[in-house]
Amino acid sequence: APKFLRQLWAYRSTLVIILTPLILLPLPLVLTGTESACGYIILLMAIYWITEVVPLAVTALIPLILFPMTGIMTSKEVSKAYFTDTNWLFIGGLMIAVAIENSELHRRIALRVLLLFGTKPRRLMAGFMATTFFLSMWISNTATTAMMLPIVEAVFIQLKESEIRTHREMIKVKNMHKYKPTIMFMVQKKKLKQSMRYIQIAFIKSSLSKNTQGKEQREIEASVNEKMERLVKGITLCVPYAASIGGTATLTGTAPNLVLAGQFQIIFPNATQDLSFGTWMAYSFPNAFVILLLSYAWLSWLFIGFGFSELRTCFKCTEKTLGERNAESVLRREYRTLGGMRWEEGTVLTVFILTAILWFFRKPGFMPGWGQLFNGNVSDGTVAMTMSFILFMLPRERPEFLCNSKDQGLMRPARPIVDWPTMERKFPWSVALLLAGGFALASGATKSGFSVWMGNQLRFLGGLQPWAICLVVSIVVCLFTECSSNTATTTLFVPILAQLAQVLEIHPLYLLVSPVLSASLAFMLPVATPPNAIAFAYGRLKVLDLVKAGWMLNIIGILVLTFFINTFGRSYFKLDTFPAWAALAPSALPTAASINETTTIV
């Protein structure tokens, strides 16, 4: 029996792949119609995504196969759903991120910010969190974490060795001062021979070294090791946590944000509310920044300690210890190896800043945007693809005709900032396919009527206040994403929550924004996000360390999201009304709101 069970476990992935569609098969056979067929496909994909028996990107291709076979959508319709405007925004944003990584501009920014914050433990943690938070707003959370953690390791090694060496020197000085009178008294004995004097001094020093000094050294080293281990655990954890938080601040920061933006356009094609880059950042950046500050306070207290006396000296200019000076020398040495800013880095930085400005001011909301010059025909995807296209043409080195060279020979063309082999190697194509599969799934759920059916099943939630529904859903999504991909989780929940909002006549963004943001708050398990897995792979963390630190961050995140959506979000998105474009959406059921333009939420 044990051998049989071990054999089953060895083939568990194969069994899940084969048995799942067979077990779920009665659903479309007994309940005829496109709704049940779509439900069958969604359940099949959900199980494959959660168990990861098939690569996530491959599972995302299932709608291309099953939607035409079941009559939900034609092959042409499914294919169009895979490449929406939002997906091109994602692809263009990632191309710019690859250029930043390839030029090592992100490494220069990281080291510069760390040197600015300093190397005292709390400042060091704040520096790593702030740097990771900022970088993950623009490049992938995984790439940011993979770049920052080696710097953490290098700094930690210097801190630990220097602290132990400093304490050893302090013990030697302390003991020499302690026994100085005895030694001096023996030296001043006139009747002792010169040789006897040296022998006794050597004997005292030897005894001191073997007994008192050795014991104190062991105790001090054990104390320093424990302190350093706690510190490195805290800093190792703060990097993936800050990356996850920073990804929520911008529309292109993490895939779930783009899932919401893309599916929102599919489900509500007539929406006057635009989830543009500027609109998202204006709301989500303050949200993310508050979560970052509270997370820093929690992690600092948990791993470093945060008493009132320490709070007063936290940012006070005090003399640096040997360990802190050595850690700073490591950062300075790493920064010096980069040399001066190269032409390539300056070019990428210029393109990056220009892209962010164009994204933000295309349709900022508080003023007319430059997008009106093109009659609103351009989108954030247009900007992303334009700037990424330019990166394939701009030179990597300073062109020779701009150099003051006396050589009159033929000028050679410079290589571009990014070439296609580099892009092909570094671009996360699997994430792009996963995102595209989510858009196709949302289109199928809307067209088949599955979203309407699911929304009707959740009508019982209408007895709760909207803020309570939002809180419950955010908690469910937050827990669900601890054991599954946050992109897959968002893909599954957004169509259901959109239909629930239509059935209950609640502004759709009320039930969509906070749950989607909570999908990125996966802090408790190594498998929850790739950044968590990378940090765990360094071997300094146990699962219990993530649970101890992560449970409070989950609570902090949910509370902050709930507070913001019910205060700032209400006025920013005008959540107190049920808009007409939501009532007239293709998947909406006939409601009172389809007659009246808006209905105030009571």
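Positions of Cβ are set from backbone N, Cα and C atoms, glycine also.
The range from 109-130, 373-394 that TrEMBL describes as transmembrane segment is residues 373-394. The transmembrane segment (373-394) is not in contact with the transmembrane segment (427-446), judged by fewer than 3 CB-CB distances under 8 Å for residue pairs 6 or more apart in sequence.
Most Cβ pairs within less than 8 Å of the transmembrane segment (12-31), among stretches 38-66, 427-446, 466-497, 509-529, 549-568, belong to 38-66. The transmembrane segment (38-66) shares more Cβ pairs under 8 Å with 427-446 than with any other stretch in the list 343-361, 427-446, 466-497, 509-529, 549-568. The transmembrane segment (427-446) is not in contact with the transmembrane segment (343-361), judged by fewer than 3 CB-CB distances under 8 Å for residue pairs 6 or more apart in sequence.
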